[in-house]
(Lines of atoms letter the chains of each structure in order from A and count residues from 1; the text may use other names and numbers.)
(Lines give C-alpha, C1' and ligand atoms only; values in the text may rest on other atoms or scores of the structure.)
Protein backbone atom coordinates (compact mmCIF):
# COMPACT_ATOMS: atom_id res chain seq x y z
CA UNK A 1 0.00 0.00 0.00
CA UNK A 2 2.66 2.44 1.05
CA UNK A 3 5.51 0.91 -0.89
CA UNK A 4 4.56 1.54 -4.48
CA UNK A 5 7.44 3.89 -5.13
CA UNK A 6 9.91 1.50 -3.61
CA UNK A 7 11.70 -1.01 -5.81
CA UNK A 8 11.62 -4.61 -4.65
CA UNK A 9 14.80 -6.68 -4.35
CA UNK A 10 14.75 -10.30 -5.61
CA UNK A 11 14.28 -11.48 -2.05
CA UNK A 12 11.31 -9.13 -1.67
CA UNK A 13 9.83 -10.47 -4.89
CA UNK A 14 10.08 -14.01 -3.55
CA UNK A 15 8.44 -12.87 -0.34
CA UNK A 16 5.63 -11.22 -2.29
CA UNK A 17 5.05 -14.46 -4.19
CA UNK A 18 4.65 -16.29 -0.90
CA UNK A 19 2.38 -13.53 0.30
CA UNK A 20 0.09 -13.91 -2.72
CA UNK A 21 0.04 -17.69 -2.33
CA UNK A 22 -0.91 -17.25 1.34
CA UNK A 23 -3.74 -14.86 0.52
CA UNK A 24 -4.95 -17.06 -2.30
CA UNK A 25 -5.03 -19.98 0.10
CA UNK A 26 -7.01 -17.96 2.63
CA UNK A 27 -9.40 -16.93 -0.13
CA UNK A 28 -9.98 -20.53 -1.25
CA UNK A 29 -10.49 -21.78 2.31
CA UNK A 30 -13.18 -19.18 2.96
CA UNK A 31 -14.79 -19.26 -0.46
CA UNK A 32 -14.96 -23.00 -1.08
CA UNK A 33 -17.53 -23.90 1.60
CA UNK A 34 -19.71 -21.01 0.47
CA UNK A 35 -19.68 -22.13 -3.17
CA UNK A 36 -20.22 -25.72 -2.08
CA UNK A 37 -23.40 -24.77 -0.20
CA UNK A 38 -24.83 -22.93 -3.21
CA UNK A 39 -24.01 -25.81 -5.56
CA UNK A 40 -25.25 -28.48 -3.18
CA UNK A 41 -28.59 -26.74 -2.72
CA UNK A 42 -29.43 -27.14 -6.41
CA UNK A 43 -27.82 -30.51 -7.09
CA UNK A 44 -29.12 -34.04 -7.35
CA UNK A 45 -29.38 -35.35 -3.74
CA UNK A 46 -27.56 -38.57 -4.61
CA UNK A 47 -24.60 -36.70 -6.04
CA UNK A 48 -24.39 -34.55 -2.92
CA UNK A 49 -24.71 -37.41 -0.43
CA UNK A 50 -22.19 -39.60 -2.19
CA UNK A 51 -19.64 -36.85 -2.65
CA UNK A 52 -19.68 -36.76 -6.47
CA UNK A 53 -20.68 -33.11 -6.31
CA UNK A 54 -17.65 -31.22 -5.05
CA UNK A 55 -17.69 -27.80 -6.68
CA UNK A 56 -20.22 -27.21 -9.45
CA UNK A 57 -23.86 -28.32 -9.30
CA UNK A 58 -24.48 -31.82 -10.60
CA UNK A 59 -27.83 -32.94 -11.95
CA UNK A 60 -29.55 -29.61 -11.55
CA UNK A 61 -32.78 -29.79 -9.52
CA UNK A 62 -34.83 -27.37 -7.47
CA UNK A 63 -36.62 -30.08 -5.47
CA UNK A 64 -35.02 -28.85 -2.25
CA UNK A 65 -36.16 -25.27 -2.70
CA UNK A 66 -39.65 -26.45 -3.66
CA UNK A 67 -39.92 -28.31 -0.36
CA UNK A 68 -38.59 -25.34 1.57
CA UNK A 69 -40.98 -22.86 -0.01
CA UNK A 70 -43.91 -25.14 0.72
CA UNK A 71 -43.09 -25.30 4.40
CA UNK A 72 -45.27 -23.19 6.66
CA UNK A 73 -42.84 -23.04 9.58
CA UNK A 74 -40.16 -21.48 7.42
CA UNK A 75 -42.53 -18.87 6.04
CA UNK A 76 -43.83 -18.03 9.48
CA UNK A 77 -40.31 -17.82 10.83
CA UNK A 78 -39.34 -15.54 7.98
CA UNK A 79 -42.26 -13.21 8.60
CA UNK A 80 -41.64 -13.20 12.37
CA UNK A 81 -37.98 -12.40 11.83
CA UNK A 82 -38.79 -9.55 9.45
CA UNK A 83 -41.19 -8.13 12.04
CA UNK A 84 -38.70 -8.48 14.92
CA UNK A 85 -35.89 -7.03 12.83
CA UNK A 86 -37.87 -3.99 11.68
CA UNK A 87 -39.34 -3.27 15.10
CA UNK A 88 -36.12 -4.01 16.95
CA UNK A 89 -33.94 -1.92 14.66
CA UNK A 90 -36.37 1.02 14.81
CA UNK A 91 -36.26 0.96 18.60
CA UNK A 92 -32.46 0.63 18.52
CA UNK A 93 -32.12 3.70 16.32
CA UNK A 94 -34.66 5.72 18.31
CA UNK A 95 -32.69 5.01 21.48
CA UNK A 96 -29.13 5.13 20.15
CA UNK A 97 -29.08 8.20 17.89
CA UNK A 98 -30.46 10.86 20.29
CA UNK A 99 -28.41 9.49 23.18
CA UNK A 100 -25.21 9.46 21.14
CA UNK A 101 -25.89 12.99 19.91
CA UNK A 102 -26.44 14.37 23.42
CA UNK A 103 -23.27 12.66 24.62
CA UNK A 104 -21.31 14.16 21.73
CA UNK A 105 -22.13 17.70 22.94
CA UNK A 106 -19.34 18.87 25.23
CA UNK A 107 -21.68 21.52 26.66
CA UNK A 108 -24.11 18.82 27.81
CA UNK A 109 -23.83 18.96 31.58
CA UNK A 110 -23.31 15.45 32.95
CA UNK A 111 -22.24 13.75 29.73
CA UNK A 112 -19.19 12.23 31.44
CA UNK A 113 -21.22 10.72 34.25
CA UNK A 114 -23.85 9.32 31.87
CA UNK A 115 -21.17 7.84 29.61
CA UNK A 116 -19.53 6.06 32.54
CA UNK A 117 -22.91 4.91 33.82
CA UNK A 118 -23.42 3.17 30.49
CA UNK A 119 -19.83 1.98 30.00
CA UNK A 120 -19.90 0.11 33.31
CA UNK A 121 -22.38 -2.35 31.79
CA UNK A 122 -19.71 -3.41 29.30
CA UNK A 123 -17.67 -4.97 32.11
CA UNK A 124 -20.21 -5.81 34.79
CA UNK A 125 -23.53 -7.52 34.24
CA UNK A 126 -26.07 -9.54 36.10
CA UNK A 127 -25.63 -12.63 34.00
CA UNK A 128 -28.08 -15.01 32.44
CA UNK A 129 -30.30 -16.01 35.34
CA UNK A 130 -30.97 -12.59 36.92
CA UNK A 131 -31.73 -11.21 33.43
CA UNK A 132 -34.13 -14.06 32.78
CA UNK A 133 -35.86 -13.56 36.14
CA UNK A 134 -36.25 -9.86 35.40
CA UNK A 135 -37.95 -10.55 32.07
CA UNK A 136 -40.13 -13.13 33.78
CA UNK A 137 -41.11 -10.74 36.58
CA UNK A 138 -41.90 -8.02 34.06
CA UNK A 139 -44.28 -10.52 32.39
CA UNK A 140 -42.44 -10.17 29.11
CA UNK A 141 -42.01 -13.91 28.47
CA UNK A 142 -43.56 -14.88 25.15
CA UNK A 143 -43.84 -11.29 24.01
CA UNK A 144 -41.90 -9.50 21.31
CA UNK A 145 -40.62 -7.04 23.96
CA UNK A 146 -38.36 -9.69 25.46
CA UNK A 147 -36.56 -9.83 22.12
CA UNK A 148 -36.26 -6.14 21.34
CA UNK A 149 -36.04 -4.21 24.63
CA UNK A 150 -33.16 -5.73 26.66
CA UNK A 151 -30.66 -5.03 23.90
CA UNK A 152 -32.27 -1.81 22.71
CA UNK A 153 -29.17 0.21 23.51
CA UNK A 154 -25.69 -1.11 22.86
CA UNK A 155 -22.98 0.95 24.52
CA UNK A 156 -20.51 0.00 21.80
CA UNK A 157 -22.80 1.39 19.10
CA UNK A 158 -23.55 4.50 21.15
CA UNK A 159 -19.82 5.22 21.45
CA UNK A 160 -19.29 4.67 17.71
CA UNK A 161 -22.17 7.01 16.86
CA UNK A 162 -21.03 9.61 19.38
CA UNK A 163 -17.56 9.57 17.80
CA UNK A 164 -19.12 10.09 14.38
CA UNK A 165 -21.07 13.13 15.59
CA UNK A 166 -18.00 14.56 17.30
CA UNK A 167 -15.84 14.22 14.25
CA UNK A 168 -18.26 15.28 11.50
CA UNK A 169 -20.68 17.89 12.84
CA UNK A 170 -19.00 21.32 13.05
CA UNK A 171 -19.53 22.91 16.45
CA UNK A 172 -20.07 26.34 14.85
CA UNK A 173 -23.07 25.07 12.96
CA UNK A 174 -24.79 23.98 16.15
CA UNK A 175 -24.06 27.32 17.77
CA UNK A 176 -25.35 29.23 14.76
CA UNK A 177 -28.55 27.19 14.77
CA UNK A 178 -29.10 27.82 18.47
CA UNK A 179 -28.52 31.57 18.02
CA UNK A 180 -31.09 31.49 15.21
CA UNK A 181 -33.60 30.21 17.73
CA UNK A 182 -33.39 26.48 17.15
CA UNK A 183 -33.96 24.37 20.25
CA UNK A 184 -32.13 21.06 20.68
CA UNK A 185 -34.98 19.01 19.25
CA UNK A 186 -35.27 21.06 16.07
CA UNK A 187 -31.50 21.09 15.76
CA UNK A 188 -31.37 17.30 16.02
CA UNK A 189 -34.20 16.50 13.63
CA UNK A 190 -33.75 19.26 11.05
CA UNK A 191 -29.97 19.61 10.90
CA UNK A 192 -28.09 16.77 12.56
CA UNK A 193 -30.04 13.76 11.28
CA UNK A 194 -30.04 14.81 7.61
CA UNK A 195 -26.25 15.16 7.83
CA UNK A 196 -25.80 11.74 9.39
CA UNK A 197 -27.11 9.25 6.82
CA UNK A 198 -23.83 7.24 6.76
CA UNK A 199 -23.89 6.53 10.49
CA UNK A 200 -27.64 5.84 10.43
CA UNK A 201 -27.02 3.27 7.69
CA UNK A 202 -24.17 1.67 9.64
CA UNK A 203 -26.20 1.47 12.83
CA UNK A 204 -29.30 0.15 11.06
CA UNK A 205 -27.11 -2.57 9.58
CA UNK A 206 -25.22 -3.48 12.74
CA UNK A 207 -28.43 -3.74 14.72
CA UNK A 208 -30.44 -5.22 11.83
CA UNK A 209 -28.00 -8.07 11.17
CA UNK A 210 -27.89 -8.69 14.91
CA UNK A 211 -31.67 -9.11 15.07
CA UNK A 212 -31.76 -11.19 11.91
CA UNK A 213 -29.15 -13.63 13.21
CA UNK A 214 -30.13 -13.83 16.87
CA UNK A 215 -31.66 -16.98 18.27
CA UNK A 216 -30.68 -17.09 21.93
CA UNK A 217 -33.24 -14.56 23.23
CA UNK A 218 -35.94 -16.47 21.41
CA UNK A 219 -34.65 -19.74 22.84
CA UNK A 220 -34.91 -18.58 26.43
CA UNK A 221 -37.84 -16.15 26.29
CA UNK A 222 -40.24 -17.71 23.78
CA UNK A 223 -42.03 -21.00 24.24
CA UNK A 224 -44.83 -20.31 21.78
CA UNK A 225 -43.68 -21.92 18.53
CA UNK A 226 -45.83 -19.69 16.35
CA UNK A 227 -43.68 -16.79 17.53
CA UNK A 228 -40.37 -18.44 16.63
CA UNK A 229 -38.05 -16.34 14.51
CA UNK A 230 -36.37 -17.87 11.48
CA UNK A 231 -33.18 -18.79 13.36
CA UNK A 232 -35.15 -20.98 15.77
CA UNK A 233 -36.82 -22.73 12.84
CA UNK A 234 -33.38 -23.21 11.30
CA UNK A 235 -32.15 -24.67 14.56
CA UNK A 236 -34.82 -27.35 14.30
CA UNK A 237 -33.88 -28.18 10.74
CA UNK A 238 -30.11 -27.89 10.87
CA UNK A 239 -29.23 -28.89 14.42
CA UNK A 240 -32.01 -30.74 16.23
CA UNK A 241 -32.86 -32.93 13.27
CA UNK A 242 -29.28 -34.17 13.27
CA UNK A 243 -29.38 -34.78 16.99
CA UNK A 244 -32.64 -36.67 16.87
CA UNK A 245 -30.98 -39.04 14.45
CA UNK A 246 -28.43 -39.43 17.23
CA UNK A 247 -31.35 -40.71 19.28
CA UNK A 248 -32.38 -37.87 21.56
CA UNK A 249 -35.69 -36.13 21.56
CA UNK A 250 -35.76 -33.40 18.97
CA UNK A 251 -38.52 -31.16 20.23
CA UNK A 252 -39.44 -30.02 16.77
CA UNK A 253 -42.74 -29.13 15.27
CA UNK A 254 -44.55 -31.93 13.56
CA UNK A 255 -44.65 -30.57 10.06
CA UNK A 256 -40.91 -30.02 10.32
CA UNK A 257 -40.28 -33.62 11.28
CA UNK A 258 -42.65 -34.78 8.57
CA UNK A 259 -40.90 -32.68 5.97
CA UNK A 260 -37.50 -34.04 6.85
CA UNK A 261 -38.30 -37.67 7.42
CA UNK A 262 -40.54 -38.19 4.41
CA UNK A 263 -37.74 -37.00 2.20
CA UNK A 264 -34.70 -38.69 3.67
CA UNK A 265 -32.87 -38.46 0.40
CA UNK A 266 -33.45 -34.77 0.16
CA UNK A 267 -32.50 -33.89 3.73
CA UNK A 268 -28.98 -32.67 3.00
CA UNK A 269 -30.07 -30.70 -0.05
CA UNK A 270 -32.90 -29.12 1.95
CA UNK A 271 -30.43 -28.16 4.66
CA UNK A 272 -28.11 -26.43 2.22
CA UNK A 273 -31.09 -24.68 0.63
CA UNK A 274 -32.29 -23.47 4.00
CA UNK A 275 -28.86 -22.00 4.74
CA UNK A 276 -29.04 -20.02 1.51
CA UNK A 277 -32.64 -18.89 1.96
CA UNK A 278 -32.05 -17.65 5.50
CA UNK A 279 -28.79 -15.87 4.78
CA UNK A 280 -29.93 -14.41 1.46
CA UNK A 281 -31.01 -10.96 2.69
CA UNK A 282 -27.70 -10.43 4.45
CA UNK A 283 -25.73 -11.76 1.47
CA UNK A 284 -27.56 -9.43 -0.90
CA UNK A 285 -26.98 -6.24 1.07
CA UNK A 286 -23.50 -7.08 2.35
CA UNK A 287 -21.32 -6.33 -0.72
CA UNK A 288 -23.00 -2.96 -1.24
CA UNK A 289 -22.62 -1.90 2.34
CA UNK A 290 -19.32 -3.52 3.17
CA UNK A 291 -17.48 -0.21 3.16
CA UNK A 292 -19.95 1.21 5.70
CA UNK A 293 -19.56 -1.83 7.93
CA UNK A 294 -15.81 -1.52 7.83
CA UNK A 295 -15.99 2.22 8.43
CA UNK A 296 -18.20 1.65 11.46
CA UNK A 297 -15.77 -0.91 12.81
CA UNK A 298 -12.85 1.49 12.30
CA UNK A 299 -14.50 4.48 13.95
CA UNK A 300 -15.22 2.25 16.90
CA UNK A 301 -11.68 0.91 17.08
CA UNK A 302 -10.14 4.37 17.18
CA UNK A 303 -12.03 5.41 20.24
CA UNK A 304 -12.84 2.01 21.70
CA UNK B 1 -19.56 40.08 53.90
CA UNK B 2 -18.73 43.74 54.35
CA UNK B 3 -17.00 43.00 57.62
CA UNK B 4 -14.93 40.35 56.02
CA UNK B 5 -14.02 42.56 53.14
CA UNK B 6 -12.26 44.98 55.46
CA UNK B 7 -9.88 42.28 56.60
CA UNK B 8 -7.36 41.64 53.87
CA UNK B 9 -5.90 38.57 55.60
CA UNK B 10 -8.82 36.36 54.74
CA UNK B 11 -9.38 37.93 51.37
CA UNK B 12 -8.62 34.65 49.66
CA UNK B 13 -11.26 32.90 51.62
CA UNK B 14 -13.91 35.34 50.46
CA UNK B 15 -12.95 34.80 46.91
CA UNK B 16 -13.15 31.10 47.42
CA UNK B 17 -16.60 31.44 48.95
CA UNK B 18 -17.73 33.70 46.18
CA UNK B 19 -16.47 31.22 43.65
CA UNK B 20 -18.22 28.22 45.19
CA UNK B 21 -21.53 30.04 45.34
CA UNK B 22 -20.97 31.06 41.76
CA UNK B 23 -20.22 27.45 40.91
CA UNK B 24 -23.39 26.32 42.56
CA UNK B 25 -25.36 28.78 40.49
CA UNK B 26 -23.40 27.66 37.44
CA UNK B 27 -24.33 24.11 38.16
CA UNK B 28 -28.04 24.90 38.08
CA UNK B 29 -27.51 27.07 35.03
CA UNK B 30 -25.69 24.27 33.21
CA UNK B 31 -28.43 21.77 34.00
CA UNK B 32 -31.00 24.24 32.75
CA UNK B 33 -29.03 24.91 29.61
CA UNK B 34 -28.93 21.24 28.74
CA UNK B 35 -32.38 20.29 30.03
CA UNK B 36 -33.60 19.31 26.55
CA UNK B 37 -30.61 17.05 26.07
CA UNK B 38 -31.65 15.02 29.12
CA UNK B 39 -34.69 13.92 27.15
CA UNK B 40 -32.32 12.67 24.45
CA UNK B 41 -30.52 10.29 26.80
CA UNK B 42 -33.56 9.29 28.86
CA UNK B 43 -34.63 6.23 26.79
CA UNK B 44 -31.11 4.78 26.71
CA UNK B 45 -30.64 5.59 30.38
CA UNK B 46 -33.81 3.71 31.29
CA UNK B 47 -32.86 0.73 29.14
CA UNK B 48 -29.50 0.42 30.90
CA UNK B 49 -31.06 1.00 34.31
CA UNK B 50 -33.73 -1.65 33.84
CA UNK B 51 -31.99 -4.30 31.79
CA UNK B 52 -28.40 -3.97 33.03
CA UNK B 53 -28.49 -2.54 36.54
CA UNK B 54 -31.52 -4.36 37.96
CA UNK B 55 -30.04 -7.77 37.00
CA UNK B 56 -26.87 -6.73 38.87
CA UNK B 57 -29.02 -6.43 41.97
CA UNK B 58 -30.48 -9.83 41.13
CA UNK B 59 -27.06 -11.37 41.74
CA UNK B 60 -27.86 -11.43 45.47
CA UNK B 61 -29.89 -14.57 44.87
CA UNK B 62 -26.55 -16.38 44.55
CA UNK B 63 -26.34 -16.00 48.35
CA UNK B 64 -29.97 -16.92 48.96
CA UNK B 65 -32.38 -19.77 48.35
CA UNK B 66 -34.50 -18.04 45.76
CA UNK B 67 -38.17 -18.84 45.98
CA UNK B 68 -40.18 -17.07 43.27
CA UNK B 69 -43.16 -16.53 45.60
CA UNK B 70 -40.99 -14.73 48.17
CA UNK B 71 -39.21 -12.58 45.62
CA UNK B 72 -35.53 -11.69 45.52
CA UNK B 73 -35.50 -9.76 48.77
CA UNK B 74 -37.78 -12.05 50.76
CA UNK B 75 -35.92 -15.29 50.05
CA UNK B 76 -33.75 -16.59 52.92
CA UNK B 77 -30.00 -15.94 53.02
CA UNK B 78 -27.80 -19.01 52.81
CA UNK B 79 -24.33 -17.52 52.49
CA UNK B 80 -21.89 -19.44 50.33
CA UNK B 81 -23.86 -22.68 50.24
CA UNK B 82 -24.31 -22.67 46.46
CA UNK B 83 -20.67 -21.89 45.83
CA UNK B 84 -19.64 -24.68 48.16
CA UNK B 85 -21.94 -27.07 46.35
CA UNK B 86 -20.45 -26.09 43.00
CA UNK B 87 -16.85 -26.48 44.15
CA UNK B 88 -17.63 -29.87 45.68
CA UNK B 89 -19.62 -31.07 42.72
CA UNK B 90 -18.57 -33.89 40.50
CA UNK B 91 -18.66 -31.59 37.44
CA UNK B 92 -16.46 -28.80 38.76
CA UNK B 93 -13.09 -30.06 37.52
CA UNK B 94 -14.46 -31.06 34.11
CA UNK B 95 -16.26 -27.76 33.60
CA UNK B 96 -13.16 -25.79 34.48
CA UNK B 97 -10.96 -27.96 32.29
CA UNK B 98 -13.30 -27.70 29.28
CA UNK B 99 -13.87 -23.97 29.63
CA UNK B 100 -10.20 -23.13 29.97
CA UNK B 101 -9.20 -25.66 27.32
CA UNK B 102 -11.52 -24.20 24.70
CA UNK B 103 -10.55 -20.60 25.55
CA UNK B 104 -6.82 -21.17 25.53
CA UNK B 105 -7.05 -23.17 22.30
CA UNK B 106 -9.10 -20.35 20.69
CA UNK B 107 -6.65 -17.76 21.92
CA UNK B 108 -3.53 -19.54 20.68
CA UNK B 109 -4.95 -20.32 17.23
CA UNK B 110 -7.33 -17.41 16.82
CA UNK B 111 -5.26 -14.51 18.11
CA UNK B 112 -2.26 -14.48 15.70
CA UNK B 113 -4.16 -15.28 12.49
CA UNK B 114 -5.98 -11.93 12.05
CA UNK B 115 -2.65 -10.17 12.60
CA UNK B 116 -0.94 -12.27 9.94
CA UNK B 117 -3.84 -11.76 7.52
CA UNK B 118 -3.80 -8.00 8.07
CA UNK B 119 -0.02 -7.79 7.56
CA UNK B 120 -0.30 -9.85 4.38
CA UNK B 121 -3.19 -7.77 3.01
CA UNK B 122 -1.33 -4.59 3.87
CA UNK B 123 1.61 -5.60 1.66
CA UNK B 124 -0.34 -5.93 -1.58
CA UNK B 125 -1.45 -3.13 -3.87
CA UNK B 126 -4.95 -1.74 -3.73
CA UNK B 127 -6.86 -3.35 -6.55
CA UNK B 128 -9.54 -5.87 -7.45
CA UNK B 129 -7.70 -8.83 -5.90
CA UNK B 130 -7.24 -7.09 -2.57
CA UNK B 131 -10.82 -5.87 -2.55
CA UNK B 132 -12.20 -9.28 -3.46
CA UNK B 133 -10.10 -11.04 -0.83
CA UNK B 134 -11.29 -8.61 1.81
CA UNK B 135 -14.95 -8.91 0.80
CA UNK B 136 -14.82 -12.70 0.85
CA UNK B 137 -12.87 -13.10 4.09
CA UNK B 138 -15.12 -10.64 5.96
CA UNK B 139 -18.34 -12.29 4.73
CA UNK B 140 -18.54 -15.30 7.11
CA UNK B 141 -18.79 -12.89 10.05
CA UNK B 142 -22.36 -12.13 8.96
CA UNK B 143 -23.48 -15.74 8.90
CA UNK B 144 -25.66 -16.54 11.91
CA UNK B 145 -24.36 -18.92 14.54
CA UNK B 146 -27.23 -21.33 13.78
CA UNK B 147 -26.32 -21.52 10.10
CA UNK B 148 -22.65 -21.77 11.01
CA UNK B 149 -23.24 -24.79 13.25
CA UNK B 150 -25.58 -26.22 10.62
CA UNK B 151 -22.76 -25.97 8.09
CA UNK B 152 -20.33 -27.63 10.46
CA UNK B 153 -22.73 -30.50 11.16
CA UNK B 154 -23.46 -31.02 7.46
CA UNK B 155 -19.85 -30.81 6.31
CA UNK B 156 -18.64 -33.15 9.03
CA UNK B 157 -21.42 -35.71 8.76
CA UNK B 158 -19.80 -39.16 8.79
CA UNK B 159 -21.95 -40.46 5.93
CA UNK B 160 -22.66 -37.47 3.69
CA UNK B 161 -20.28 -34.70 4.76
CA UNK B 162 -17.85 -33.17 2.31
CA UNK B 163 -14.92 -33.30 4.74
CA UNK B 164 -15.39 -37.02 5.26
CA UNK B 165 -15.66 -37.62 1.53
CA UNK B 166 -12.36 -35.78 1.22
CA UNK B 167 -10.76 -37.82 4.00
CA UNK B 168 -11.85 -41.04 2.35
CA UNK B 169 -10.62 -39.85 -1.02
CA UNK B 170 -7.19 -39.21 0.49
CA UNK B 171 -7.17 -42.70 1.97
CA UNK B 172 -8.05 -41.91 5.60
CA UNK B 173 -10.84 -43.31 7.72
CA UNK B 174 -14.09 -41.40 8.12
CA UNK B 175 -14.34 -39.54 11.43
CA UNK B 176 -17.48 -38.93 13.50
CA UNK B 177 -16.39 -35.40 14.40
CA UNK B 178 -19.57 -34.24 16.12
CA UNK B 179 -20.00 -37.24 18.39
CA UNK B 180 -16.37 -37.81 19.31
CA UNK B 181 -15.40 -35.74 22.38
CA UNK B 182 -11.76 -35.73 21.20
CA UNK B 183 -12.66 -33.59 18.19
CA UNK B 184 -14.99 -31.13 19.85
CA UNK B 185 -12.47 -28.41 20.73
CA UNK B 186 -10.80 -28.53 17.34
CA UNK B 187 -14.09 -28.30 15.47
CA UNK B 188 -15.23 -25.43 17.68
CA UNK B 189 -12.00 -23.46 17.35
CA UNK B 190 -11.35 -24.00 13.65
CA UNK B 191 -14.91 -23.14 12.63
CA UNK B 192 -14.55 -19.99 14.72
CA UNK B 193 -11.30 -19.18 12.94
CA UNK B 194 -12.98 -19.69 9.57
CA UNK B 195 -15.79 -17.34 10.54
CA UNK B 196 -13.94 -14.64 12.45
CA UNK B 197 -10.41 -14.20 11.15
CA UNK B 198 -11.27 -11.89 8.25
CA UNK B 199 -13.43 -9.54 10.26
CA UNK B 200 -10.97 -9.42 13.15
CA UNK B 201 -8.25 -8.31 10.74
CA UNK B 202 -10.17 -5.09 10.00
CA UNK B 203 -9.11 -3.54 13.28
CA UNK B 204 -5.42 -4.29 12.56
CA UNK B 205 -5.71 -2.97 9.00
CA UNK B 206 -7.10 0.26 10.46
CA UNK B 207 -4.08 0.49 12.75
CA UNK B 208 -1.70 -0.32 9.87
CA UNK B 209 -3.11 2.52 7.78
CA UNK B 210 -1.55 4.82 10.34
CA UNK B 211 2.04 3.70 9.60
CA UNK B 212 4.28 6.61 8.64
CA UNK B 213 5.36 6.20 4.98
CA UNK B 214 8.57 8.07 5.66
CA UNK B 215 9.69 5.30 8.00
CA UNK B 216 9.39 2.82 5.14
CA UNK B 217 11.25 5.09 2.75
CA UNK B 218 14.08 5.62 5.23
CA UNK B 219 14.26 1.88 5.89
CA UNK B 220 14.53 1.14 2.16
CA UNK B 221 17.38 3.61 1.81
CA UNK B 222 19.10 1.70 4.60
CA UNK B 223 18.61 -1.51 2.63
CA UNK B 224 15.85 -3.12 4.68
CA UNK B 225 13.91 -5.94 3.04
CA UNK B 226 10.13 -6.17 3.10
CA UNK B 227 10.19 -8.75 5.83
CA UNK B 228 12.48 -6.57 7.94
CA UNK B 229 10.21 -3.58 7.43
CA UNK B 230 7.17 -5.57 8.47
CA UNK B 231 9.00 -6.79 11.55
CA UNK B 232 10.56 -3.47 12.59
CA UNK B 233 7.95 -0.94 11.41
CA UNK B 234 4.49 -2.45 10.86
CA UNK B 235 4.46 -4.81 13.79
CA UNK B 236 5.52 -2.20 16.38
CA UNK B 237 2.84 0.13 15.01
CA UNK B 238 0.02 -2.30 15.69
CA UNK B 239 1.50 -3.46 18.99
CA UNK B 240 -0.78 -1.29 21.20
CA UNK B 241 -3.83 -2.70 19.38
CA UNK B 242 -2.52 -6.22 19.85
CA UNK B 243 -1.97 -5.66 23.56
CA UNK B 244 -5.45 -4.21 24.11
CA UNK B 245 -7.10 -7.09 22.26
CA UNK B 246 -4.96 -9.60 24.14
CA UNK B 247 -5.98 -8.08 27.48
CA UNK B 248 -9.63 -8.30 26.47
CA UNK B 249 -9.27 -11.93 25.35
CA UNK B 250 -7.52 -12.99 28.52
CA UNK B 251 -10.12 -11.09 30.54
CA UNK B 252 -12.86 -13.17 29.01
CA UNK B 253 -11.02 -16.47 29.05
CA UNK B 254 -13.58 -17.98 31.42
CA UNK B 255 -16.55 -16.96 29.32
CA UNK B 256 -16.96 -19.26 26.39
CA UNK B 257 -20.16 -18.08 24.74
CA UNK B 258 -23.09 -20.43 25.22
CA UNK B 259 -24.74 -19.82 21.86
CA UNK B 260 -22.41 -21.84 19.66
CA UNK B 261 -21.52 -24.51 22.21
CA UNK B 262 -25.17 -25.08 23.03
CA UNK B 263 -25.88 -25.72 19.36
CA UNK B 264 -22.89 -28.02 18.93
CA UNK B 265 -23.57 -29.95 22.10
CA UNK B 266 -25.03 -33.46 22.07
CA UNK B 267 -25.10 -36.23 24.67
CA UNK B 268 -22.21 -38.02 23.02
CA UNK B 269 -19.75 -35.13 23.10
CA UNK B 270 -20.88 -33.70 26.45
CA UNK B 271 -17.70 -34.91 28.10
CA UNK B 272 -15.77 -32.26 26.14
CA UNK B 273 -18.49 -29.71 25.42
CA UNK B 274 -19.88 -29.06 28.90
CA UNK B 275 -18.58 -25.59 29.82
CA UNK B 276 -19.50 -23.22 32.63
CA UNK B 277 -21.83 -21.05 30.54
CA UNK B 278 -23.84 -23.95 29.18
CA UNK B 279 -23.92 -25.46 32.66
CA UNK B 280 -25.46 -22.22 33.96
CA UNK B 281 -28.03 -22.35 31.18
CA UNK B 282 -28.88 -25.96 31.84
CA UNK B 283 -29.04 -25.73 35.67
CA UNK B 284 -30.74 -22.35 35.74
CA UNK B 285 -33.20 -22.34 32.89
CA UNK B 286 -33.89 -25.99 32.19
CA UNK B 287 -33.76 -27.25 35.79
CA UNK B 288 -34.92 -23.95 37.39
CA UNK B 289 -32.19 -23.96 40.04
CA UNK B 290 -31.96 -20.21 39.88
CA UNK B 291 -29.78 -19.53 42.92
CA UNK B 292 -27.29 -22.28 42.15
CA UNK B 293 -26.91 -21.22 38.51
CA UNK B 294 -26.51 -17.57 39.49
CA UNK B 295 -23.76 -18.54 41.93
CA UNK B 296 -21.94 -20.48 39.21
CA UNK B 297 -22.29 -17.52 36.82
CA UNK B 298 -21.03 -15.13 39.48
CA UNK B 299 -18.01 -17.32 40.17
CA UNK B 300 -17.26 -17.18 36.46
CA UNK B 301 -17.55 -13.38 36.29
CA UNK B 302 -15.38 -12.85 39.35
CA UNK B 303 -12.57 -14.99 37.91
CA UNK B 304 -12.86 -13.04 34.66
CA UNK B 305 -12.68 -9.71 36.44
CA UNK B 306 -9.61 -10.81 38.43
CA UNK B 307 -7.90 -11.98 35.23
CA UNK B 308 -8.78 -8.79 33.37
CA UNK B 309 -7.48 -6.54 36.12
CA UNK B 310 -4.26 -8.50 36.65
CA UNK B 311 -3.40 -8.77 32.96
CA UNK B 312 -4.12 -5.08 32.57
CA UNK B 313 -1.86 -4.31 35.53
CA UNK B 314 0.96 -6.45 34.14
CA UNK B 315 0.62 -4.72 30.77
CA UNK B 316 0.85 -1.25 32.23
CA UNK B 317 3.73 -2.30 34.53
CA UNK B 318 5.86 -3.44 31.62
CA UNK B 319 5.06 -0.25 29.75
CA UNK B 320 2.51 -1.54 27.28
CA UNK B 321 -0.79 0.11 26.50
CA UNK B 322 -3.61 -0.81 28.86
CA UNK B 323 -7.35 -0.58 29.14
CA UNK B 324 -7.59 1.54 32.26
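The backbone N, Cα and C atoms fix where each Cβ goes, and this holds for glycine too.
Database features, via TrEMBL:
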type: DOMAIN; residues: B:96-311; note: domain 'ABC transmembrane type-1'
type: TRANSMEM; residues: B:37-63; note: transmembrane segment
type: TRANSMEM; residues: B:102-121; note: transmembrane segment
type: TRANSMEM; residues: B:142-167; note: transmembrane segment
type: TRANSMEM; residues: B:187-207; note: transmembrane segment
type: TRANSMEM; residues: B:238-258; note: transmembrane segment
type: TRANSMEM; residues: B:290-311; note: transmembrane segment
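The transmembrane segment (B:102-121) and the transmembrane segment (B:290-311) are not in contact, since fewer than 3 Cβ pairs between them lie under 8 Å (pairs 6 or more apart in sequence).
Among the recorded stretches B:142-167, B:187-207, B:290-311, the one sharing the largest number of Cβ pairs closer than 8 Å with the transmembrane segment (B:37-63) is B:290-311. Residues 99-100, 102-104, 106-107, 111, 115, 118, 203-204, 207-208, 275-278, 280-281, 300-301, 303-305, 307-308, 311-312, 315, 320-323 of the same chain, all 6+ positions outside the transmembrane segment (B:238-258), place their C-beta atoms under 8 angstroms from a C-beta of that stretch.
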